[in-house]
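To start, the structure itself, in structure tokens.
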Amino acid sequence: MEADALSPVELGLLLLPFVVMLLAALCVRCRELPASYDSASTESLYPRSILIKPPQITVPRTPATSYPLVTSFPPLRQPDLLPIPRSPQPLGGSHRMPSSRQNSDDANSVASYENQEPARKNVDEDEDEDDYPEGYLVVLPDSSPAAVPVVSSAPVPSNPDLGDSAFSMESCEDYVNVPESEESAEASLDGSREYVNVSQDAQPVIRAELASVTSQEVEDEEEEDVDGEEAPDYENLQELN
């Protein structure tokens with residue numbers, strides 16, 4: 001009578017806690033399934049230990065002697081280990097140089113080329129210094145007084161050696177050959193040298209005197225050649241300026 005008196009609403013309220021508990025248990029079970037499935041899959045791929053049960057071998061008894069049964073087991077084999085995959089290494093990774101190091105190497109190379117030019121200049125200067133002789137010549141300016149006395153009006157004797165002096169004057173040189181005599185010895189530093197320096201003012205006068213002397217000598221030689229019995233076939237004549 002009491003069961004008939006319960007309405008469907010009251011019956012649903014009584015069963016509601018059981019339904020909620022059942023749903024909660026199912027949800028918890030569903031959450032645990034993926035973790036257990038992952039562990040089972042990894043164990044199936046990488047087995048930790050495989051136990052192989054060897055077959056039992058029985059030895060028959062002999063009639064003469066009685067021995068207990070002896071069971072022999074084959075040696076256990078270690079499970080084959082699967083290779084562990086490794087991450088691929090990049091090719092040529094060790095040969096690459098960082099950009100900062102390359103930039104520093106380029107800078108050092110440019111600096112080395114720039115430093116070579118001053119070194120070459122120094123080498124050239126050293127070579128030029130080596131080319132100079134050991135002794136140095138001291139050049140006096142034109143304004144400084146000459147240490148050698150200047151002979152302006154010296155008697156010029158008629159001597160064939162004066163032809164060489166005329167040639168030297170024509171070549172614009174600053175010295176004149178003087179014959180060995182008392183006057184020339186006094187004029188040439190007490191006879192230590194055979195020539196004296198001539199100033200620029202006295203050069204035209206000496207040139208005129210030497211030219212007149214050489215022309216007179218040439219005329220005398222021509223007269224002697226005409227008067228002589230054996231005359232040379234040819235004769236070199238110096239053109240006088």
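A Cβ is built for glycine as well, from the same backbone N, Cα and C atoms used for every other residue.
Features of the protein shown, as given by Swiss-Prot:
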- 124-133: compositional bias 'Acidic residues' (COMPBIAS)
- 217-233: compositional bias 'Acidic residues' (COMPBIAS)
- Cys27: S-palmitoyl cysteine (LIPID)
- Cys30: S-palmitoyl cysteine (LIPID)
- Ser41: phosphoserine (MOD_RES)
- Ser44: phosphoserine (MOD_RES)
- Ser87: phosphoserine (MOD_RES)
- Ser104: phosphoserine (MOD_RES)
- Ser109: phosphoserine (MOD_RES)
- Ser112: phosphoserine (MOD_RES)
- Tyr175: phosphotyrosine (MOD_RES)
- Ser199: phosphoserine (MOD_RES)
- Ser212: phosphoserine (MOD_RES)
- Ser215: phosphoserine (MOD_RES)
- Tyr234: phosphotyrosine (MOD_RES)
- 136-139: region 'Interaction with PLCG1' (REGION)
- 1-4: topological domain 'Extracellular' (TOPO_DOM)
- 29-241: topological domain 'Cytoplasmic' (TOPO_DOM)
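Annotated pair Ser212 (phosphoserine) and Cys30 (S-palmitoyl cysteine), C-alpha to C-alpha distance, rounded: 146 Å.
Cys27 (S-palmitoyl cysteine) and Ser215 (phosphoserine) have their C-alpha atoms 149 Å apart, to the nearest angstrom. Within 10 Å of the C-beta of Cys27 (S-palmitoyl cysteine) there are 9 other C-beta atoms, taking all protein chains into account. Cα of Cys30 (S-palmitoyl cysteine) to Cα of Ser215 (phosphoserine): a distance of 146 Å.
Applying DSSP to the region 'Interaction with PLCG1' (136-139) sorts its residues as follows: 0 helix, 0 strand, 4 coil.
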